[in-house]
Structure formats: structure tokens, C-alpha cells
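See structure below.
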Amino acid sequence: MEGSDPFDGDEDAALRYAIALSLQDAEQDKPIELSSDDDSDDLDKAPITTPAMGGLAALDRKKMEEERLARQGKRKAPDSEQDTQGDRQRLKTGPLPTIERLGMTSKANPTLANPNSQGLPFPRGVVKKTWAYGYPRTGDDIKIEEVLQKNELELAVISSFQWDEEWMLSKIDIKKTKIVCIAFASSKQQQDEMTENVPKGSAIRFCFPPMLPYGNMHSKLQILKYPKYLRLVVPSGNLVSYDWGETGVMENIVFIIDLPRIEDPKAREENQLTMFGDDLLYFLEAQGLQEGLVNSLKNYDFSETSRYSFVHSIGKTHTGDSWKRTGYCGLGRAVTALGLGTQEDVEIDLVTSSLGSVNKDLVAAIYYAAKGDDGMKEYGERTTKTGKGKAEKPSASTIWAGYRDRLRLYFPSQDTVAKSRGGTQSAGTICAQSKWWDAATFPRELVHDCKSVRDGLLMHNKIMLVRLRQAGKGPPAWGYVGSANLSESAWGRLTRDRQTGKPKLTCRNWECGVIIPTADGGQTATGKGDSSVGMSVFLGSIPIPMVVPGETYGQTGSKRPWLFLEN
């Protein structure tokens, strides 16, 4: 592809192409076929029992599972390689992550029952790495079966950028579980085709979010209903086997929290959502999920989500005041609302599985948002013109020097991918292009090689870890986990509306994630005779999946990132 870019700088189109390259098995490349024609969908209604019939509902489950295991067996690492996994050194992850910030209690519904007394698996929220085949379990990982709990699952509202229908339906019992899939369709015709392919009477339905011409439905949100509680799942992985570790070559990260159902009718009526709940419903309504289903979320106690924030990108152009609520502007708003904003310098370690046409404007916007800015600081630096009687505008180099040494981007090198367990054939969903990387505007000096602490695994993670440079000077450290890579498509771009002269934000993708403050409620020094804050501050809250700080790439020397089009 030398000398030309078939995607004309569109990282979304490039990502779609990369996905196609990665799906080598035709049986794993079938789009999920669902329907969304029930206007009375409600979380509290019993699931429909689907009779045996043609199409998805009539899959030969035994044969499907045998074929899936056969495919999986071909991709597993040799036994000799598995035997060595227990001897490899790994970062100690501290106590099992059960996050609860000191000094932050649940205030939304103080009279509701203590979730601990209701036997919920994750009543206060947890962040876990996905399990990976061939690696020992350490307590900070989770399997897809443990997330879905198919024997108890009544309803699943699921989202994904990629779908493996056979694999997914081996994890969910469609005879007793109602499924609503939030998915992408390129046209009304494709929506109709997908709907028509669903057997009549099936418990499987579709929701098609509105899309911009060059956007992606990249969110991976799962809303899982059980008899006594609701589970919210925000992963970085898609609904495909390799993203959940079954081929032993890729890892992801996931946030999970279980919310108890409010049994008392009066308490349900008086239930007040947290900011997390409000933003979740705002996101689902924007996606076009049925009103009855969205409103039924209010039957659950969101109190324990008050220590977190649900952040999102809604795929459209936002004007008025709506731009403040989504994209990187919404990220800054959420940081401030949680009391995490600061004027002090912060350190950011950011893991991404896709590097688009990143530039200093985007990096600045994310850095400022991590300190609680609503987007206007970077916008002002980019758009303000100096003139007679106005103060001298800081130069771009001065601004860049203010944070370039405080932000590290983690992305795997060509060498790291080649030496991974799955090799280059397993890295089709890890995306960068030489045209973007070699551009004069690309901040190569920020990029570090991304190697897993589980030696040989590649990462599909999207993680941001934010901490102060000095202990005791401000708010707790915090992390973001979710679906958003480091790209303008994912986080948006704030520009001036020509008609109104006011800011507007354009996000091409649908994304979602969660902000998780650290468990200790403060900043912990390294303990090495100085007051600097180390990565250990995240232990017990967010498992650190990568080797830190990682080897730097430098400018454009011999070390190169994984460039999927050149392999």
C-alpha cells in the first residue's frame, strides 16, 4: 500500500477493513439476525419461550458446539507452551478488585436495602480482565459464562461492533432468554433483511441506532436481567470468542456492577437515579431503545453507581448545550462531577487498540478532559486569535511542552505482535497505518510498546489511568474502561457552528465506558523516599494489564508499531 491510503485518512473505514482481515473462518463472519418490532418491550416482563423452528431458533446446539470447539482447538497454543505459563512473572494485582471509595457513600436512595444482604455477586462494582485460555486464573479475571450466567438470564440487551452468532448463542439459551441486540445496519434495506430473517415468535429483536455516514456502532454495553437483580456490563471486547480469551491470544477488560430490584412499590415510585443512571438512560434513549424498556431500568436501585460515572459518545453532531454531555466534553464533565477535577499536573497512561490520525489537538483535549475540563480549553487554544489589545497567545510548542511528558500511549510494536502467542494472524483488530504514524502531526514521542503482563497476549483494551504527579495534592486517581479508542471518531471534535457561532461537537462513533475512582480514596506515594504517585495506586481497583512504562518508540527509528495493512 506504499504511497497511497485507500481510506483517505478515515480510521473508521480502516478499522472495518481490519476487522474483515481478522475473520479468517467464514463460519464466524455471519451477522447476527435479530428483530425489534415489539413496542411493549419491558425488563420486568417474562421472557418469551421460543418454539423450535427454522433459522436461529432451530440451530443444532450439539453440532454447533462441537464445530465451535473444533475451530477453537485449531487455534489453541500447543500444550508445551501452556505448561510454561505458570512459571512466568506477573504483576501482583493486590486484593481482588471490589471498588469502594473511602468517603463516598451511596446517597441516591439511602433507605433502600443494603445490596450486600441480597447476595449479589458484584454489588459495588468490579473491574476484571477477561480470562485467557492457557493462563492460570488469578482472581482478577472473568469468563464470558461467568458474566452472562445463562441458566438464570431472563433478558439480555447486548451491543457489539463484531458478532459471532453461533458462539454468542452457545452462551445464551434463546429458548428462555429474550434478546435485544443494539447493532449496526448500513441501510433501511439491510435492517429489513435482518428483521425478515428472524423466525416469527422469536425472542430476538433489534435496535438500530441512528448513524452518521462514516460512523461505527462501537459500544459493547450489556444489560442483563436476572430474577432479583440487573447486571450492567461495560467491556472493551466484542461478542466473539477471541475477545473473551477462548483462543488464548487476546485480552480485554470489563466493568461489572449488579443492581438489586426494588421490590417495594412505593420505593420504586420514589426511586431517584444517580448521575450514572441518568447518563445511561440518556445514552439508551439516544440509541432508540424502546421507551418501555428504558423506563423499566428505574425499577432497580442505582445507589451503588454513585461512585462511578457512565461516559459515552453519541454518534451525531451536538449543538446547544448537548455537546457538554458526550464525547471528551462529557468525559471532563463526569470527572468534575465526581470530584476528580484538578488544576495540578496529572499523569496519564492510555491503552488503545487503534491509533487513527491522532494529532496534538486530540491529545490536548483528552489531557484537559482528564483534569475536568469541558472541552473549552483546547477549543480556545485552537481557535482564539491574537489581535491588537489582546494578550499574547501561548505558542503551540509551549502548550505541547506542558503535557507531552505526562501522557503515555500504549500500542504494540511489530515485534511484539510477531512474538505473541497468536502471531500476526491474531492482530487484525489492532489498527494503525503508516500514513498516520509517519505524519508530521502524529505525536510519536508519546507512544510506548504495549506488552501484556500475561506474556504473549495481545490487547484489545481501551483503558485510561489518571493520577497526580505528587501525592496528597488533590483528588484520587481514577481509570476509564470501555469501548473508546484514542481517535476523533470515538471522542469527537469541538468546532464552531457557522450558523450560531457557538461550539458544536461531532462524534462519529457510538461508544461507552465507566470512570472508576481508586479504592483508597487518595493518592499513594511510591514508598521509595519520594512523594511521586506510582501505578500501585490502582491496585485493588483496576487490574493493570500492561507492562509499564513500556519501551518508547522515539520518533521514526527502527522500532515500528504494528501496521496491519503492511502484514
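Note: Cβ is positioned from N, Cα and C throughout, glycine not excepted.
Here TrEMBL flags 24-96 as region 'Disordered'.
Annotated compositional bias 'Basic and acidic residues' per TrEMBL: 59-70, in sequence order.
The Cβ of H218 (active site, nucleophile) lies under 8 Å from the Cβ of F161, S483, A484, A490, N509, W510, E511, each of these being in the same chain and 6 or more residues away along the sequence. Marked as active site, nucleophile by TrEMBL: H218.
DSSP assigns K220 (substrate binding site) to coil in the three-state reduction, placing it in neither a helix nor a strand. The substrate binding site annotation in TrEMBL covers K220, K462.
For 455-490, the entry in TrEMBL reads domain 'PLD phosphodiesterase'. Note on the domain 'PLD phosphodiesterase' (455-490): residues 11-12, 77, 81, 85, 88, 101, 127, 132, 135, 161, 214-216, 218-220, 234-237, 243, 248-255, 311, 313, 331, 335, 338-342, 344-358, 362, 366, 370, 406, 409-410, 412, 416-417, 419-422, 426-427, 429-430, 507-509, 511-518, 520-525, 531-533, 535, 537-538, 541-542, 544-546 of its chain, located 6 or more positions outside it, place their CB under 8 angstroms from a CB of the stretch.
Counting every protein chain shown, the Cβ of H460 (active site, proton donor/acceptor) has 25 other Cβ atoms within 10 Å. Residues or ranges marked as active site, proton donor/acceptor in TrEMBL: H460.
Residues or ranges marked as site 'Interaction with DNA' in TrEMBL: S487. Taking all protein chains in view, 23 other C-beta atoms sit within 10 angstroms of the C-beta of S487 (site 'Interaction with DNA').
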The domain 'PLD phosphodiesterase' (455-490): DSSP-derived helix, strand, coil residue counts: 3 helix, 15 strand, 18 coil
S487 (site 'Interaction with DNA') and K462 (substrate binding site), distance between Cα atoms, whole Å: 11
Pairwise CA distance, K220 (substrate binding site) versus H460 (active site, proton donor/acceptor), rounded so that it is a whole Å: 13
Cα-Cα distance linking H460 (active site, proton donor/acceptor) and S487 (site 'Interaction with DNA'), given in Å to the nearest integer: 15
Cβ packing number for K220 (substrate binding site), 10 Å threshold: 27
Per-region confidence, the domain 'PLD phosphodiesterase' (455-490) (mean pLDDT, whole number): 94
